[in-house]
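Data first, discussion second: the structure below is written as C-alpha cells.
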C-alpha cells in the first residue's frame, strides 16, 4: 500500500466529489469490549491495550472506512485528570500511541489518518480563551509530530469553543474539519446550525458538520441546515455527518445524554444495518460526502454505509465478502421461511420488535437545562464527593 504522504488527501477526494466513509464510535465500542470506562470516556486504551484499538481500526477498515480517526477523544490533560480519574499515562503518551496505531492500520488500505480534539472541561469551567487554546495546542503538537493527514475538531456543544479549536488547528497548515454535537435547535447557547456553520467556515474549517448526540435522521437534517446557512452567506465548504447508531426521536437539545437509558440501557434503540443504508442514502442526497458514525456504530454499520454507496464509490469493502447484499446470503439457509427473507423488500419494510412487553416507545429526557457557567458544571480534579453526589441524587428525584 502507499506510504504516508503519497495518498490523495481528504480535500482532493472531496473536491473530486468522492464519498469518504468515516469510522465508528471507539469509546462506546471499546467500553463494551472492556477497555474503556464509562463516565470518564477517556482513550487510555491506546497506550494500555493497543492490540484492542488496532483490531477495531482494522475492522472498520475492512468494513469500508477510509478515514482512521486517532483514538484521542477526550485526551486533553484537563479531562484525563477530571474528578479523581487516576491516569497511568499522560495525554501526550496516549495521543502518540493513538497516532501510531491509526497510521499502521491506515497504511494497510487506502485510508487517511485524522487527528481529533474535542470539547474540554476547562471551557465548561469558564477558563479563558488562551487557557483553552493552550490545551488544543498541546494536542496538535503531537499530531504535527506524527504527521496526520488532516485534523478534526469534534464533539463541541458550544460553537465558540469549536471556533477556538479550529483557529488553533489551522495553524498547522493541515486541512481542518469541524463537527458539533448539536441538533436543529442549535448549540447550547441557541446559536442556529446555519450560523454555527458560517462561524466555523470563517474560522478556517474546510469541512463542517455534525457528530454524536443524535440519530442519523436528526443529524442529516441539522447538516442540511448548516449547508443552507453557508450557501446563504456566499461561502463554500464540504459537509460531514457522524451520528449516533441509536434512535433518538425523543431527545431534547442536549441529545442522548439526557435520555434515562444513557449510557447502559441504549441497546433497544440501536439502528439496524438497513436503517444505516437509508441514512447513507439520505446523507448523500443532501450533499454530504464525508459520511461516518459515532457512538454505537460497529463495523457492520459502517459496512452498510459502504454497501449502500458502492455504486457511487465504485467498489465494495472487503467485509462484504461475508455479507450478501440485502440478505441474499440467506438463500443458503436450511429453513425455508428464513430463505424467504432473502430479498430487499423484506428488510427494507421490516418494523423490528423490541421483545420487551410494556416497554415505552419513547423516554422522557432529563433536561436539567444547565450549561457552561452553571455551578453544577464546574469541573474539578478531585473525585466527586459523596456530598456532591447526594445533592445530585436528590435533584434527580425531583425532576
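Cβ atoms here come from the backbone N, Cα and C positions, even for glycine.
Predicted-model confidence for the domain 'Hcy-binding' (8-309) is 95, expressed as mean pLDDT. Look at TrEMBL and you will find 8-309 tagged as domain 'Hcy-binding'.
Residues annotated as Zn(2+) binding site in TrEMBL: 212, 294, 295. There are 26 other Cβ atoms within 10 Å of the Cβ belonging to residue 295 (Zn(2+) binding site).
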What are the sequence-distant neighbours of residue 212 (Zn(2+) binding site), meaning same chain, six or more residues apart, C-beta distance under 8 angstroms? 25, 154, 155, 181, 242, 243, 244, 255, 294, 295
Neighbouring CB atoms within 10 angstroms of the CB of residue 294 (Zn(2+) binding site), all protein chains considered, total 29
